[in-house]
Structures are given as structure tokens and as C-alpha cells.
Amino acid sequence: MKFSELWLREWVNPAIDSDALANQITMAGLEVDGVEPVAGSFNGVVVGEVVECAQHPNADKLRVTKVNVGGERLLDIVCGAPNCRQGLKVAVATIGAILPGDFKIKAAKLRGEPSEGMLCSFSELGISDDHSGIIELPADAPLGTDIREYLKLDDNTIEISVTPNRADCLGIIGVARDVAVLNKAPLQEPEMAPVTATISDTLPITVEAADACPRYLGRVVKGINVNAPTPLWMKEKLRRCGIRSIDAVVDVTNYVLLELGQPMHAFDKDRIDGGIVVRMAKEGETVVLLDGSEATLNADTLVIADHHKALGIAGIFGGEHSGVNGETQNVLLECAYFNPLSITGRARRHGLHTDASHRYERGVDPALQYKAIERATRLLLDICGGDAGPIIDVSNEATLPKRATITLRRSKLDRLIGHHIADEQVSDILRRLGCEVTEGQDEWKAVAPTWRFDMEIEEDLVEEVARVYGYNNIPDEPIQAGLIMGTHREADLSLKRVKTMLNDKGYQEVITYSFVDPKVQQLIHPGAEALLLPNPISVEMSAMRLSLWSGLLATVVYNQNRQQNRVRIFETGLRFVPDTQANLGIRQDLMLAGVICGNRYDEHWNLAKETVDFYDLKGDLEAVLDLTGKLGDIQFKAEMNPALHPGQSAAIYLKDERIGFIGVVHPELERKLDLNGRTLVFELEWNKLADRIVPQAREISRFPANRRDIAVVVAENVPAADILSECKKVGVNQVVGVNLFDVYRGKGVAEGYKSLAISLILQDTNRTLEEEEIAATVAKCVEALKERFQASLRD
């Protein structure tokens, strides 16, 4: 936002220079991007009047003038400006004047005619780039007055970056409030007395979308002269804010926008059919905007309409059909409060970004509309004449924003600032900010002002107190760096160690958004309830993820579309599961997930092209699980997951608790997500694995180990892991190793059965095992398998 320093000082005038003012504004949180003078460096330029203006005898495009600058005689000046004419008040650079660029004015002859000065344009004085003609001053400009003094050119343009939370500073009044608070100076608001209605004319106004438009004010002003010139003082203020003067009506609404931060619009009343209706657009409805472009609207766009058609996009852009033109005599002034959510994103959808939409998207003061429409009415009547009717007010108090009541605790204030500010100072700061303050025992209750809708929680008040008190006034404290023993335990398994192992196995870490497409998430987790964002970045990022698979699979598709068919990626991050028992109704679980697809190895002349399968991913996952020391307690059990292939997937259990899933992506899901070929995924709840089992040293047996192999026939649906687990349990004191080394199906084994060849390693730490003991242990294992799984020894 750009504004004139002198305009700001009309509202509040602290006894500090421009540099100090700019620094103060920056320290207050409104970063100053630049301070530039409004005009170039010049002197010797005064107000003059063209008394005579005749054609140059030797040049078609030059005029010979006699100019009165308040001296003893008239000056002869040759001028080539097309708008030079008799009776015009102008800016005259007299002999001896120095203009920007160190250009000195001297007496000269132009095509044989003497010239004792120069009639100046805005560009020649370094005021603007306008060189279309000489400056035209008001008829009452006093002759001989220094032009710098008359136009108040000893001024600066200050440009600031306004953060989204400080929308109240998108008007002079907001910046002035902050400067007044920081300097304990009075805020001198211009007189904005109500304008008495002199006519009774009104217009029917209906608000059908009260949630989107809680307040809409209108006022009829009749008999205006739309061609009346905008006063030079207003043009200059607008120019110094970067706004070009258009016509008196538009200039007035722009002036109020810059002064109060309240967007306004003026309709040609005679072009409104029936009355004003504030409603949501009809799907596909069109409106021709003031710039001549046609916008096709969606049903979620708020429009200002009459009884037959849309007149403009509410809070963004007016329509051409109802706009003010050179023949307008009667206008309807509009001043409204629109809910920011009803405006946000609509302008960008149509490739627009206007001063109005910029403010409405961030929010305007919901109590400002009366002041703004009275201010605009008075300015319009003073410039264009006419008669004003009464204000038409259509408000819905139930949908207007309510002022926040916030409790500020002394303990919280001192802890966050790190410095004690006296109670009296805290109360004074809050009141100067516009809050209604009630002091309590070590606390304050503050009702935020209507223009500070960013004040919502206790931390906001702490920030405001520190900002106004002055960060530079908070004393530096030496850092307390006492020696603190680390909390790391040997049993802690860091994610960094896990990530390093996955990196060593060829995986690359990715970070995806926690916001995902709800449609894609429903494909992966059908029927699952997700947390939906009330104000998402986009529709495709409007749900919080229930797992990391949504982002990982989207990343795989992205890479496959760029000819990267061999992908190995992993991610660690939070998933967000709605849970009424959790804090704030949402459970956040730290997850570890990975995806692989494509060939097992990079292309190589000595390696066959083999596509990855379930056991490739399972092997990598078991290597990770082995870091926890809990691999022996891990089981892979057949369990349905709608996102995974029913025959090539498993649930992962730690003892009796499920901690994740692994498997091939379901073919139907693979098709819907446009995945190219077999894709395998896994996901683990990491918090259930983060504590590793620390290896315990034990005595190495000095006695020989004995191996015995058995082959048992079991039903096809019996997991081999259960067989191995049972063998370990039965021979707990002597069986030190169990391994599955062969699986056989075929001749000699009945249909629906399989043969598992298992090696048993038996050993004792205190003695050599006798053959009878070994045989008894093996027989015990076989008997246990027979009893539990109906296993039989294979012949």
C-alpha cells in the first residue's frame, strides 16, 4: 500500500521526521518498502496566469503568451503545450529556476520570439510521467505562490507491506491509529458529520445471501454533475497513492477506499431495473464487467443484481451495464460488508485482482459502513452537487462478526515477553489500541475493537503489548545455558537411523502435503471419515490425510509420467484421524510409509529385467524392523485392506497389536489412479516401534550345536511363521534357531497341502546335549505341530 506522508500527518502528526516515522512504522510490524519524494528537486517555480495567448508567427505548434506571476510586468513566454490558453492558471519556471536534472531556465529566443521562462508539465517537475500538457491549476490559485508550497510537494510517498492479518492498515485511518498509539498522540479524524437527506428517494434492496453479505447500505444521490472536475487536492492525494484520476464519482469512492479502507461502488441509478438484489450467481450466469470483459460465474459467486440481471461481482468488480458514464445524473452509492470467505478466490478465478477484492478478502471493519457512506456522500455533494436521500440499511446482526473478548493473564504475558511490564502500562496500551479493558487479579479482559478482527486469542494481545511497548525497550538478557544432560536413551531408535537404512537400500525420502484430494483419499480409504478444511488452498487439497499413501502414490504417478518407471520412495509424517476421545477431536499418528515399483535393479547388461514383488518390499521392511530388535515379535497376517490386492497383502502385527499394512496396490485402485504397472506399498505406526529392544549380552556356548531337519505337511492356509513360532515356543530352552529352508507342493503332497522343510538348531550353554534329549525335543515339536495344525511328517 502507498500513501502520502502529509495525508497521514493530517490524521496524526508526531514530532518526528520522515526517517524516524518510517522506522517506527516498520518496527510496528508494517514493513516500509520505500520512501520517495513526490516531486523532483527544483526551485523558482511559481503560480502564474496566462493573460494573452497567440499563435507563434514562425511555428505552427508554438504559442506566444504573456503571463502574470504577480510581478511588476507580464512575462513573455513561448509554449508548445496543446492545452495552453488564455485565463489558465499555470506553473511558471521563471528565469534562474533550476528544474530536475539540473536544468536551468534562462532568457532565450524561440523561433525569433523572446521567452522569459517556461510553463511546466507534471513530468518536467518530476511529479509524474504525465507530459501531455502543462499543469492546469485551480482558478483561485494565488499568483506568485511557490508551486512547492501550493501543491504541498515537500512530501513523501511511503510504501508499506501489509501482512494479511493487518487488513485494518489498508487505509490511512489504520496506519494513523498505529502511529498515534506508538507516539501517544491524538488521532485527528476529519469531520464526517451525517449528511441530512434533502430528498426521500430510495431504492428497494433485498439481501438473499445474508451469510455472505451481513450488511448492505445504499443511498440515492440525484442531480449530480458527473463532469465536474475533481479538485486538485484530491487528484494529488490519489496520485501519491498510485491511483489515477478518472472522474469525480469514481475519484470519491477511491478516496474513501484509501482513507478508510472501505471499498465502495456507485451505480447509475437510472440503469437499475426495479431494485438491488444481493444473491448468489446462477450457475453459468454471465456479466459484462467495467473493463468490457465477460465473466461466466459459478454458483458460489456473490453478485449484485437488479430484478432481471447481474450488475457486478460483489466486492470485486462492477458491471458495464450499470456503471457511471458521462450522461449519469442520479447514482446509487453502495457500501457493504461482505464475508471474506464469500470473496476469497473469486477474483483470481476470473484473472482479476482489484483494490476492493484485496480488502474484502482480508476483511474490512464491519462497523465502518455508515461512516464511509456519509463521508462519500459529503464529498460527492461538495464536488458534483445534487441531493442525497436517506441511507437504506439492510443488515443481519446475527451474521455480522462479533467482537472477541480475550483474557490476558499476567503469567502468560511475562513468560512470552521475558520482561515485566507494569500493570498500568499494559492497561494503557490495550486502551490506546481501542480495546475495552476490564482489570482483574493478575489478568485483563479485553474486548477487541471492530477493526482488529485479527485479535482472537491471548497470544494476539501479548504480541500487541510487546509491539506497542517497543521491542527495543525489552532489555537483553544473557542466555541461560546451563548444562543439561541429554534425554536420549539407548533404547531410543531415531528416525534418522531408519531413513539412513532406507537410503542405503536405494529409497529416496519425499515430503508430501498433509492436505490431499478427498476423492483420491476415498478411493484408498472407502467410507473413512476425514477432517475437511473450511478454507482449503484448493478443492484438491481440502482433506487432511488418513495415511501417507495418498501423497506417495501421487508422487509415483508424477514420476511415471516423466519416464521414471523405477521408483523407490518413503516418507515419515503425521496422519490425521478424527477421534472424539483425542485432544481437539483429532488423533495425530507418526507414520512411516514407502512405495516401490518398476524393475528390481537398474538396467544392467548382466542382470535380468525382473519386476519387484511382495517379497522385495517385505525384505526391505524386515531390515527396518530388525533395527527395533522386535523382528521376532512381528507377524504378517492375511487381512483385508480395500487399497491392497487381497491375495498379495498382509497386516503387520507386533505381538497382538496391528501396526501397519504391506502389499500390492489393488488392481482396481491402480487403474483409477493411473499407476503404470505393479506398485507395492507399506505403512507403519512408528510410535509403536520407536523403542527398540537393547541387545543383551549372553554367554556363548562352548558346546557343539546340533541340527535336525524335519519336513511337515500342513494345510495350504497355515502360515509358515506360525509353524516356526510354535517350534521356538516348544523348545524354548534348547532350540536356539529355527529356519524354513524349503517349501514343496506337488507329487506326494495332497492337493491343498504344502510341505515345509524346517531346520532346528539345538544347543545348551552348560553341556553337550545327548542324542536322546535331542530326539525328545524334536519329537515334542512334531507333536505340538500335529496337535495345533494337524501337521504330519512327510515320508
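Using N, Cα and C of the backbone, Cβ positions are placed for all residues, glycine too.
Taken from Swiss-Prot as is:
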BINDING   Asp454, Asp460, Glu463, Glu464  Mg(2+) binding site
DOMAIN    39-148  domain 'tRNA-binding'
DOMAIN    401-476  domain 'B5'
DOMAIN    701-794  domain 'FDX-ACB'
For the domain 'B5' (401-476), would you mind checking the mean pLDDT of the predicted model?
93
Additional residues surrounding Mg(2+), by Cβ distance to the Asp454, Asp460, Glu463, Glu464 centre under 8 Å:
Asn165, Arg452, Met455, Glu459, Leu461, Val462, Arg467
Report, as a single number, how many Cβ atoms besides its own are within 10 Å of the Cβ of Asp460 (Mg(2+) binding site).
18
Near Glu464 (Mg(2+) binding site), which residues of its own chain have a C-beta under 8 A away, given they sit six or more steps off in sequence?
Ile429, Leu430, Leu433, Met455
On the DSSP side of things, how many residues of the domain 'B5' (401-476) fall into helix, strand and coil, could you say?
33 helix, 15 strand, 28 coil
Determine the Cβ neighbour count for Asp454 (Mg(2+) binding site): the number of other Cβ atoms within 10 Å of its Cβ.
18
Run through the domain 'FDX-ACB' (701-794) and tell me, per DSSP, how many residues are helix, strand and coil.
30 helix, 32 strand, 32 coil
If you draw a 10 Å sphere on the Cβ of Glu463 (Mg(2+) binding site), how many other Cβ atoms land inside?
17
